[in-house]
Amino acid sequence: MKKQIVLWITVLLMLCFLPLHTSEASTTDPSAKECIENPEKPGCNDGEEDQGSSSPLNQSAQEDSPSLAWNIVKLVLALAFIIVLIYGLLKFVNKRNQMFSNVRAMQNLGGISLGQHKSMQLVRIGDRYYVVGVGDNVELLTEIEDEKTIQELSHSSEGEAYNPGARLASLISKNKKQASQESDSSIQFQQLFQSELKSLKQKREKVIEKQQQKKEDSDE
């Protein structure tokens, strides 16, 4: 709809700048019979008069050619002005739409397809970013809490070369790496905890053995 309006405006402006010329009515020369019957009839003059009468026409044609060239120059300038005006209008509309889009409470930043009727979407709600899975139902997969990642997402969503699929793939890989690191650290903590428990148990057994030995020595 917007493109059609711009097209109609362009056509109307071009029509307004088109030069208008009025053509004189062409007169047909009388026949030889008419000139013989009525020598005073217009158009029955001799060759010299024809040459004399044609010279003002030639002069008029020569005067019209610079005017035609100037009209063409004006038409080109008007067309260039219209193109610049349309370009500025489209840039303004796009910038305004983007500004309204950025201040919305909810925004879908894109996603990637995971199969038939299944996808993973990156959604912004306020200042928070969520990764949700969309299929038979909508399920929250994770919330992005890393400040650096949030800044990258906010800057990337404003750019023209934003690729949500690549961003989601990067986030999934990063979350898997973090989960793997957390799992490794959890395993290491469990191993350390078990080792400490075992050491405490051994120390307790040694203390009990010493107490029993002291008791036996005192009984003797």
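Any Cβ shown, glycine's included, is placed from N, Cα and C.
No curator has checked TrEMBL annotations; they are predicted automatically.
A quick note: this is a predicted structure, and the numbers were derived from the prediction, not measured.
Residues of the same chain that lie 6+ residues outside the coiled coil (190-220) never bring a C-beta to less than 8 angstroms of a C-beta in it. Positions annotated as coiled coil by TrEMBL: 190-220.
Per TrEMBL, compositional bias 'Basic and acidic residues' is recorded for 31-40.
Residues annotated as compositional bias 'Polar residues' in TrEMBL: 52-62.
Feature annotation from TrEMBL assigns region 'Disordered' to 25-62.
The annotation transmembrane segment is assigned in TrEMBL to 68-90.
Across the coiled coil (190-220), mean pLDDT in this model comes to 79.
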